[in-house]
Amino acid sequence: MGNWVVNHWFSVLFLAVWLGLNVFLFVDAFLKYETADRYYYTRKILGSTLACARASALCLNFNSMLILLPVCRSLLSFLRGTCSFCSRTLRKQLDHNLTFHKLVAYMICLHTAIHIIAHLFNFDRYSRSRQATDGSLVSILSSLSHDETKGGSWLNPIQFRNMTVEYVTFTSIAGLTGVIMTIALILMVTSATEFIRRSYFEVFWYTHHLFIFYILGLGIHGIGGIVRGQTEESINEGHPHKCAEYFEMWDDHDCRCRRPEFEGQPPESWKWILAPVILYICERILRFYRSQQKVVITKVVMHPSKVLELQMNKRGFSMEVGQYIFVNCPSISPLEWHPFTLTSAPEEDFFSIHIRAAGDWTENLIRAFEQQYSPIPRIEVDGPFGTASEDVFQYEVAVLVGAGIGVTPFASILKSIWYKFRCADHNLKTKKIYFYWICRETGAFSWFNDLLTSLEQEMEELGKVGFLNYRLFLTGWDSNIVCSGSFLMWPSDFGKEPAQMLSPIFQSGS
């Protein structure tokens, strides 16, 4: 428990502050609309659902301001790697950017549901009050004229008794943008589930760009001012708490209370989202500029288990261990960008990635590079971007655990260590590495075997046999690859059944 607090106290504090701000904004806005004299007459028609709708709207603005920041990859890489005042504790939190992005999205969904439900009640009450003919205060307020040229000042957006809620919804800016934003949000959230994201990445990718409609709709949602309050001048002429009792005498010249005047609130959502949207636009412009820089493919290697290795060069490209890039192949899809961890070391004169066939896009890419008589497909690269692996050399002991193709960041780390030992880098703090790799197919080990063998030989020559301790576990079995000698095996492991292969097949430092 103590170690957990030490490692995660900042995350807990950050989430507590975020949740606290949501609660504060909701309660503050709720009390404002529940008690303000400006909305006294509006509450007479709508009741407390007015305050619920406005409080949830404020929280929606707040979280919509935050939703784009965690996906500004260039900003996060700057904070993690080049910002000198960022401590290691803060950099760790930056690695949870997508988790926070999801939490903010869930909060947006929660307040969207509250906002919609509250407005369903509001429009039902607007409709019933417009239908009323009993001469009550509610019916008088609802019958105020919409014709501003005749000095009218309306409170109820439903102008006529035969006007339906559906008509108001689809003919008003607030209603139409609300429907569009809700549909966009539902599609984005449902397509972002893990099953769809892994099995149908293209669906996730395209539907997630509906955020453009969500942001645009949010910016103009308040135009039209459907939720209205009494003007300051009108309140000064006749305070609602006193004049509400004499609503039947508002038109009498002898009465001091005059017919109240109302006005809509100016739109405020754009003020919340303007700065993040500008920042995100700059981010996308920067990404586009980087992606247009020429990428030269220097080597293509097809490894077993359908793993494609691409070695590339790009002018001005600089990387650190464990970083990743986004790759686009215009001939396959001009809009799809997929992340891949760099497997090369910073000391090498190229950068490389390993791509395993795991979906339509990766399969099409591998198939394009397998065609011998076709030109090499053009590749666009954006990045590199940072991850937690960048700090690995800041610790004396490092534990590396990978599964399948997820071993790629450790290839970069181990290669870099090999170069650092060859160059006798005295700034290297790492004294011991424990490396564990679990893989389903025997062929996946072959492309990693040369690196482990050379690194182990280098350690032996330098007298640091115990520096690298690795255990490679196999959960599947391919006798053809084993018998071909594609990689080293311990003699005692030959002939074992797959169920017996839970013990390590590669091991060192024991």
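Cβ from N, Cα, C; glycine included.
TrEMBL does not curate its annotations; it predicts them automatically.
For 12-33, 45-69, 103-121, 167-189, 209-227, the entry in TrEMBL reads transmembrane segment. The domain 'FAD-binding FR-type' annotation in TrEMBL covers 284-391.
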If you run through the domain 'FAD-binding FR-type' (284-391) with DSSP, how many residues end up as helix, strand and coil?
23 helix, 39 strand, 46 coil
Please average pLDDT over the domain 'FAD-binding FR-type' (284-391) for the predicted structure.
84
Six or more residues out from either end of the transmembrane segment (103-121), which same-chain residues have a Cβ under 8 Å from its Cβ atoms?
15, 18, 22, 46-47, 49-50, 52-53, 56-57, 59-60, 63-64, 66-67, 70, 178, 181-182, 185, 188-189, 192
Stretch-level contact, the transmembrane segment (45-69) and the transmembrane segment (167-189), CB cutoff 8 A, at least 3 pairs
no
